[in-house]
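Novice: Here you go, one structure.
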Amino acid sequence: MTKRLFTSESVTEGHPDKICDQISDAVLDAIYEKDPQARVACETAVTTGMVMVMGEITTNCYVDIPKVVRNTIREIGYDRAKYGFDCDTCAVMTSIDEQSSDIAMGVDKALEAKVGEMSEEQVQAIGAGDQGMMFGFACDETPELMPMPIILAHKLTMKLSEVRKNGKVKYLRPDGKSQVTVEYDGDKPVRVDTVVISTQHGADVSHDTIEKDIMEHVIIPVIPRELLDEGTKYFINPTGRFVVGGPQGDSGLTGRKIIVDTYGGYARHGGGAFSGKDPTKVDRSAAYAARYVAKNIVASGIARKCEVQLAYAIGVAKPVSVLVDTFGTAVIPEEKISELVNKHFDLRPAAIINKLNLRRPIYRKTAAYGHFGRDDAEFSWEKTDVADALRKEAGL
């Protein structure tokens, strides 16, 4: 078989772009706690000593956005000036408008309802909030039905955060990144070739200490021993120093880590970010639905690998296209799989929202360490509750 290497990265919750994603989703959650019918498109930018929150929000409730921002930054861990960013002293500016009435008229009532093809009662008759294409993916490389490189990368950054917050490695700071290169034999992952960890740290710790502690407390507990060998390469803070980090080191923006959020580059991406968007925005809800479809297909045993593309027109409820690609791993014809998808999954925006129960304040948790491959109860798109029906109808 042909051997090849594939690499994915993850970032910690203290990475500047991820700070922005979490603030945007924390604002969405705060609004959804009071008004689950709100329309929210919230963007955030951070830089040294400053946060800017902007966007289009239509709601009947009041949310103290600066308070939400400061609480989010505090929970991430930037609560002291010596970390380069302080939740209590940073400036917070807001610029919020209502959703455009031109967009709202298409979301409020789908084209199908306007021309009599769908009644108001049919799945609330709302249209897609924008045009675009979204991808969902699943494969049998890991128990999470995700590609191995991104799962390992996320587990490393989650462990980095854990040992920082529980005090096991006291000198760690919130900003950090991981990168994992996996060697494949054909399409099977067989070993980890390279691990890269870069973590912000206090100024008074030696590089040797950091290398030792990260190996002992982060890498060894996370990467399965059978995937490591004498040829595995480790790069821990390879620049030699990472004291200046977070918004002091780099500015951050919502939506700049879309590959980290999804499949680590292993599957295609439609380009739309998730955080700060309510589920009438198909960038988010349809990407979740596409993952739900793909994961149930793989969980059913119909295919070992599956990618689903959905595409929408603004103001129109039904997808303009649905494509299922199993990369030659399916045990039944793909035409049959497409029939099963059309039968078992309603992919109109309001149907997705209802099926996955998306009008809930569940989004802050999604904004770090990946939107997919998680077993948290709130991640309804990770359920495999359609797999049995698909398996039965496929005759497996």
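Glycine residues also receive a Cβ, built from the backbone N, Cα and C atoms like all the rest.
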Novice: Region 'Flexible loop' per Swiss-Prot: which of the ranges 99-109, 187-197, 319-329, 385-395 is that?
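Specialist: That would be 99-109, per the region 'Flexible loop' entry in Swiss-Prot.
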Novice: Do any residues at least six apart in sequence from GLU43 (K(+) binding site), in the same chain, have a Cβ closer than 8 Å to its Cβ, and if so which, in order?
Specialist: CYS20, SER24, VAL53, MET54, GLY55, LEU253, THR254, GLY255, GLY276
Novice: In the structure shown, with every protein chain counted, which of the binding-site residues ASP17, GLU56, ASP250 has the densest set of Cβ atoms within 10 angstroms of its Cβ?
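Specialist: Counting every other Cβ within 10 Å of each candidate, the maximum falls on ASP17.
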Novice: Does anything in the same chain, at least 6 positions from LYS281 (L-methionine binding site), have a Cβ under 8 Å from its Cβ, and if so what?
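Specialist: Listed in sequence order, they are ALA41, GLY129, ASP130, GLY272.
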Novice: Pop the mean pLDDT for the region 'Flexible loop' (99-109) in here, whole number is fine.
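Specialist: Taking every residue of the region 'Flexible loop' (99-109) together, the mean pLDDT is 54.
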